[in-house]
Amino acid sequence: MIGRRTLSRLFQGHHGPFKMQVRHLNLLEYQSHKLLRDFNIPVPNGLVVTSAEEARKVVSDISAPSVLKAQVLAGGRGKGKYDSDGKGGVRIVTWPKEAYENASQMLGYHLTTKQTPPGGLFVNKLYIYKAVDVADEFYLALTFDRGRGMPVLLISDVGGTNIESNIDKLQKFWFHLPTGLTTEIISYIQAQLGFSDKEMVVVDKILHQMIKLFREKDATLLELNPLVRTHDGKFICLDAKFSFDNAARFRQEELFSLEERSPEEEVEYQASKLGLSYVRLDGNIGNIVNGAGLAMATNDLISLYGGKCANFLDVGGGATKQTLSKAFEILNNDSRIKGILVNIYGGIVRCDMIAESIVAAANATGGFKVPVVVRLQGTNCPQALQLIENSGLDNVIVDADFESAAQMIVDRVGNM
Ligand code: ADP
Ligand code: MG
């Protein structure tokens, strides 16, 4: 698949940048195949395995050369490198014994590709299907060109693993979703890619179904790479990548239930369900703040005094005891955190409610294990400060001033 950076480069220039700041749901290959099958786009019949023994059995049942494919949310697997034996994430095997040996080096190890983080991604599933007799590899993709505000079809006859280096050979066709591809575009594609009339009927149907899927499922990217032509003239999609707009979550419940999250993403997801905007950062000072603007200012100020934030956490204007207790729970479970700054401006929320929540959170865990600096301002502030003082909690320092509170938490953490 094409990396995001390349995709965004494709749509820069006079049409404006192709911005991809929204969060996306991505699917694993086997999940994508299921969706394609539901829309009558030809895909191989594959099976998912989680052990080397199962891999041996599946290849023995196929009783033909088969492909073992690491299921990770990143492209470039074929040319990737495993931390076990240095080989790639797409392997052709002939015999069941070979399947067993290769699967043993693929499951439970990390695969690094051009599109993964440096340490690679952990692989716990392989997708296996019969090897296909590939004659040609094509690239077909649908995405949105935000600059033009239109969907665009990207197509190339040099698909496969070298797509990134052949990016200039991609042809782009803009179209309207309700009308789909015009007959002119279809004829042009046929001429450019040299499909026979008979082949074009098949490709046309695939394109038609891709657009239907793209529209019905609120996709932001649908990429078939490669769509292959076999030596006997059949078309089949070997690898696919989908992204769906997070804003479609409420309409596409079934689809989003497939989402695979890393433990870190799971925390962000659980927080978002309670209305908290939580993003993990790589420092050691935890923050609990109300309002995104104040949260940004807090992170900035901590950096200014030489500290590093472990998170961005906006509990929202309508913070409740429940959301605050969730916020403390997240920070308590994060072993990197050496100090916490609570920075609340009581406009709609009342400071005394915040103070009660802080005391309750401390009591629930038998006191705070790291220093906590609390800066409260606004509605019922004096009562709140009194409440915290009366609670007799050690490890909690109250400060009404934003700057000195930020400085204090940095000092405390620095002195530990
Ligand atoms: P990735 O894009 O992550 O490297 P692909 O699934 O696209 O993974 O596989 C990479 C390449 O491996 C394909 O371009 C194709 O040439 C080859 N390949 C993948 N699956 C099969 C298969 N079932 N039969 C034959 N070749 C395959
Ligand atoms: Mg691919």
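Here the Cβ of each residue, glycine as well, is placed from N, Cα and C on the backbone.
Nobody curates TrEMBL annotations by hand; they come from automatic prediction.
Not measured: the values here are computed from a predicted model.
Under the DSSP three-state reduction, Arg77 (ATP binding site) is assigned to coil, being neither helix nor strand. According to TrEMBL, the feature ATP binding site maps to Lys69, Gly76, Arg77, Gly78, Glu137.
Among the features that TrEMBL reports, Mg(2+) binding site is placed at Asn225, Asp239.
Annotated substrate binding site per TrEMBL: Asn290, Gly347, Ile348, Val349, in sequence order. DSSP gives Asn290 (substrate binding site) a coil state; it is part of no helix or strand. Taking a C-beta cut-off of under 8 Å and a sequence gap of six or more, Asn290 (substrate binding site) has these contacts in its own chain: Asp314, Val315, Gly316, Gly317, Ala319, Asn343, Ile344, Tyr345, Val349.
Of the binding-site residues Gly76, Gly78, Gly347, Gly76 has the largest number of other Cβ atoms within 10 Å of its own Cβ. A sphere of 10 angstroms centred on the C-beta of Asn225 (Mg(2+) binding site) encloses 24 other C-beta atoms. In terms of local Cβ density within 10 Å, Val349 ranks first among the binding-site residues Ile348, Val349. Its Cβ placed at the centre, Arg77 (ATP binding site) has 25 other Cβ atoms within 10 Å. In this structure, Glu137 is the one among the binding-site residues Glu137, Asp239 with the smallest number of other Cβ atoms inside 10 Å of its Cβ. Under the three-state DSSP scheme, Asn225 (Mg(2+) binding site) falls in the strand class.
In sequence order, Glu137 are the binding-site residues from Gly76, Arg77, Gly78, Glu137, Gly347, Ile348 with a C-alpha within 10 Å of the C-alpha of Asn225 (Mg(2+) binding site).
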